[in-house]
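J.: Here you go, one structure.
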Amino acid sequence: WIMGHMVNAVKQIPTSLDLGANALEMDVTFKNEEPTYTYHGVPCDAFRDCIRWEYFNVFAKTLREYTTPGFDKYREQLILLVFDLKTGDMNNAQARTAGVNTAKQLLQYYWNNDNNGGRAYVVLSIPDIAQHELIKGFKETLKKEGHENLLDKVGYDFSGPYLPRLPTLDETHEAFKKAGVEGHVWLSDGLTNFSPLGDMARLKEAIKSRDSANGFINKIYYWSVDKVSTVEKALKVGVDGIMTNHPDVIIGVLNENGFKDKYRLATYDDNPWETFGK
């Protein structure tokens, strides 16, 4: 999965897809626990416009057009949407409300109340393992609305918190248990594109866990990767996805000797909730 990073304005969608992305990541900013804008703000990755934005409902409806056969904008390659939920300042109760409201808005504007809605898989990326109630609120809302089937298309990622330290894999696993999540688990690791690479120790530990007999992780992605050398290292370690500001760079590496025979772009037929090789 090549994940176009920080795609928050409608005009950025085709740009990222034309460069080779088959997945997109959006930043969802909340107002009174309601998803209101796709917006990141400053600071953000180097060489990027941090203040591009759109109303969330408009963006979700546009994503539906890009991922529903029959629309003029439909792009078969776009198979995964990662919603980076900016809920870091919420307590668990507020996060639950945010989960309820996110479910309602996606149901209405992206899934079109399950009537010819968007077909892409969805990952909810949550910034704090303490906010496990967000997932509960999201899942219970879709069930209450009579659309539990849509949960087959939804996965989850706890990305933090970053301070004072990132949670351990055991702590992350415990948060998923509290949220009632078994399977459909993505794990992210990485830093901004201007940060030093480091030794990828946490990434390697996560991949080892993913591949173990009792691992709880299904897929792992690394961000924000813009340099050829970093892409090569991430692929050699064994990531499932790469989040990038330059999808064409990833495409180039995938075509290199040593990689083109081992990796290919994911398609809609590849289940993002299945651990490769298991």
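Cβ coordinates are placed from backbone N, Cα and C, and glycine is handled just like the others.
Swiss-Prot lists His5 with the feature active site. Feature annotation from Swiss-Prot assigns Mg(2+) binding site to Glu25, Asp27, Asp84; the stated evidence is similarity to another entry. Annotation source Swiss-Prot lists active site, nucleophile at His40, citing similarity to another entry. For Cys44-Cys50, the entry in Swiss-Prot reads disulfide bond.
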J.: Measuring CB to CB from Asp84 (Mg(2+) binding site), give everything in the same chain under 8 Å that is also at least six residues away in sequence.
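T.: Looking at Cβ-Cβ distances below 8 Å from Asp84 (Mg(2+) binding site), excluding near sequence neighbours, one finds Glu25, Met26, Asp27, Val28, Ser125, Pro127, Ser159.
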J.: Cα-Cα, whole number of Å: Cys50 (disulfide bond) versus His5 (active site)?
T.: 11
J.: I'd like the number of other C-beta atoms within 10 A of the C-beta of Cys50 (disulfide bond), please.
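T.: The answer is 15 other Cβ atoms.
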J.: Note down the number of other Cβ atoms within 10 Å of the Cβ of His5 (active site), including every protein chain shown.
T.: 27
J.: In terms of DSSP three-state secondary structure, what is the assignment for Asp27 (Mg(2+) binding site)?
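T.: Looking at the DSSP assignment, Asp27 (Mg(2+) binding site) belongs to a strand.
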J.: 10 Å Cβ neighbour count around Glu25 (Mg(2+) binding site)?
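T.: Other Cβ atoms within 10 Å of Glu25 (Mg(2+) binding site): 25.
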